[in-house]
Structure formats: C-alpha cells, structure tokens
Amino acid sequence: MVLLKQLGRNPILLIFRNITKMVDQATLDKLEAGFAKFQATESKSLLKKYLTKEIFDALKVKKTSFGSSLLDVVQSGFENPDSGVGIYAPDAEAYIVFADLFDPIIEDYHKGFKKTDKHPPKNWGDVDSFANLDPNGEFVISTRVRCGRSLQGYPFNPCLTEAQYKEMEEKVSSTLSGLEGELKGQFYPLTGMTKEVQQKLIDDHFLFKEGDRFLQAANACRFWPTGRGIYHNDNKTFLVWCNEEDHLRLISMQMGGDLGQVYRRLVSAVNDIEKRLPFSHDDRLGFLTFCPTNLGTTVRASVHIKLPKLAADLSKLEEIAGRYNLQVR
C-alpha cells in the first residue's frame, strides 16, 4: 500500500506593521552561536542553502512587531540539520521582515514562484470537473484532500499566549457547532478529554499528538494541550484539527476514489466556515500558514493506492512518482 501525495506549488501572504524593536543581546548571542554551529554541519536543507553570512548579518538584528526574531524563524533548522526546509514563520509579518531568507526558499520549494510573481485570485475552480478516480475500486483504497488556514488577527504558534489559544478554540468550536447537513458533527477539546473519547479518536486515526521534534524546536507546542481540539462530522468524512501545527487543518476524506465528492465536501465546508471565521489572506501571496511549504492555496490531495509490483522496487517507485511531482509516503 502506498500513499502518493501531490506537492503544493503555490505560495503565500500578508499584512505588515511597523517594526519598532531590535533584538536583545542574548538573542544575538544565541543566533551567532547557532549559525556558527549550523554552518559546520553537512545539512542539505534549504535553510543551509540560502542563509548566507551576508543574509544572516542583515537579518539577525530585525524583529517583527509581534516580537519575533530571526531566531524564531531558524531555530528548528539549526537544531535539526536533517530538515528538508528548516524554517517556520512565527507570525505573518515574518514573511516580509525576513523576506530575504523566505523568498528564495519559497521560490525553490514552490518550483519558481518569484518575489515578483502574484498568486492567482481565490478560486476553487470548477468543483464538478473532478470525477471518481477508480470507479471499479481496483486500485484506490481511500482519498483525502486537505487545506490549512490561519485566523485573521492572531500570530502563529510561537507567539500565541495561553489566553489566545483558549480564545481561538472557543471561536472555532462555536463556529463548527453551527455546521449543518453532511458537515454536522462534534468538537472534542484535547484538554480534559476522557480516556474513552481519546481511544475512540485513536481508533478512527483522528487524534493528533504533540508536535514532532521539528515543531518542538520551533517552539510551536506551547501550553499543550490548551486550545487544541478535533472536530469530525457524523459520517467521519470531514475533520478539523484546531491548533495542531496551523490554526486550522480542514480535511475531507472517504474510502474509495471519488475525488469529486471529497473535493466538493471540502470546498463547501471551507466556504461555510470562512463566512464566520475570516482567514488570513494576501492578494499576492495567497493563504498563509506556519510553514512556507504550505502556502498559497494550501490544498494537498492524496490517495492510498495498491501498487504491489511497483512498490516492491522502492527506487523505481520513487523515480516514477518524481516525474509527476508526487511523493511516496
């Protein structure tokens, strides 16, 4: 069984405020020490590729109005030299304040989206143009389409206060409780979750855990599990993660290969939620999230498929997947 995942090509974001502060000496010392240690590694990350000494010196003294520094952007990559990318945006302004680092990484990862390019206007396209990928049920086990969204007016994980986490969870929970029809379901806060509910969500493969080492190093798991929660509809075909990596991860999924049905459900849900919870969006850069790999439309689609003979030769499978901009997961 193999999971093929369409790589995101589209980028990002945002609103800019005046920068009034410079970093303190302690932060500068950490940056200098971290940079020196990182430069001595054999890292193949995009951070290593684009964080030159010149760029480092130009950005190390800068700070956003949310208080984020270059250290917040690069600390995960410094601590995890095996990372593929190595940077996160601690708040929306970071994409502009530290643009000399973000822009080339975005261009590299998103296959040529230059700083002079403009993301297309918001448009889900013709939602009826997608059909069943495997009407006879021969190959596709399940289909999944998801997107990430950030709420207007809030920074990202490293800058959120405990009070903001709680406030966001309340907003998300009350909004999702208003969904109707196929999307109607229940929100489960991680805080105070019973063992029974926890096991139920584990059995359904819905429950997310505290962040991996990359997110931990990015300071993205503060006040865990405060402000985190999971929503799913009664049919278990629509799922929302609240404050896992992004403010929201919205997921539509079901068994079989009916991509059209999965996509239309996601579009309906996102449009409904956006009417009540405005999302952070920039006309040039699209929707913005915590990670620069997940920007622009933020939409990713995946299928579990059966390719027993091809999967027996992993190198051949990866070679063929690479031709179509797919990842083997």
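Every residue, even glycine, has its Cβ placed from backbone N, Cα and C.
Positions annotated as ATP binding site by TrEMBL: Ser142, Thr143, Arg144, Val145, Arg146, His205, Arg249, Arg300, Ala301, Ser302, Val303, His304.
The annotation domain 'Phosphagen kinase N-terminal' is assigned in TrEMBL to 27-111. Broken down by DSSP into helix, strand and coil, the domain 'Phosphagen kinase N-terminal' (27-111) contains 50 helix, 2 strand, 33 coil.
On the 0 to 100 pLDDT scale, the domain 'Phosphagen kinase C-terminal' (139-329) averages 91 in the predicted structure. Among the features that TrEMBL reports, domain 'Phosphagen kinase C-terminal' is placed at 139-329.
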Q) Of all the Cα pairs drawn from Ser142, Thr143, Arg144, Val145, Arg146, His205, Arg249, Arg300, Ala301, Ser302, Val303, His304, the residues the record ties to ATP, which distance is largest, in Å? A) 19
Q | Count of other CB atoms lying within 10 Å of the CB belonging to Arg146 (ATP binding site) | A | 20
Q. Cβ-Cβ under 8 Å from Arg249 (ATP binding site), same chain, 6 or more residues apart: which ones?
A. Arg146, Cys147, Gly148, Val240, Trp241
